[in-house]
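Scroll down for the structure; my scribbles are underneath it.
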């Protein structure tokens, strides 16, 4: 549903007096930056199942006249619990309720809250996308929030609806779990949004940012896709690239959101240099056909740490390699979090 009066770009709108869907966790968390042991949870091979009715409280929604969803469930995937809630859009006359999932891991202490922004070519995806990443982050002691924000043809870049939906979820997290470190994680197109928000939202402090195979420069990515379509990608220096048919499909979906080259150029330029001192861990694959290394060069130049997995492609932003082996980047994220959260604790002393 489109907004009739979208706010200015990167505008942080006022929050409503109350929220829908406060999340009641099924266990108590204590905040500590202590290291979290990995690999102690046996995943449910049958997938996510409904375990019990959630105790989400929707009194705020009732007060605002918006009926809460009936008995939203709490789901379980092994030791990871998933609660469902909604966040109301702050766009005037919009009425959209942003569906969210909240992933939590019962044996661990809470280290931080992370909003994981899904990928999908700026076109599709929802709060259920990339579940192995959400589960893996939760097993590191993060409370992970995912959202079904609007993008693509439904909410093109010029409307600013996507950025406002994401900002609304950020403010929900910051107010719902105030006093707990907060960070952004994003994969592919979601990685672009995570980077852009971490560098532009001055009023909402972000303690860390982890983009995974991000489309850091949409115009450079469009140019690469056009080279693949025309058959000139190899002569232009790309070692691996998609077929012309695949490239055309990706480009069409990306343009459904960005519409024109000028918007994509402006987006890439916004990440050429660091604008805010947010600790950033960039995770990329050396053989990524969706996001070749050249598309993240500018972010590589200022990110605090870049982890490049040799021979790996865009599958890195869709799922985590099982078993915690050499190709699993969770250990890199874990070490990065130890550094960031220790810095955060020293800054609050």
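Note: Cβ is positioned from N, Cα and C throughout, glycine not excepted.
Automatic prediction, not curation, is the source of TrEMBL annotations.
When TrEMBL is compared with the stretches 9-31, 32-54, 55-77, the one noted as region 'Disordered' is 55-77. Model confidence over the domain 'Alpha/beta hydrolase fold-3' (115-224) stands at 95, taken as the mean pLDDT rounded to a whole number.
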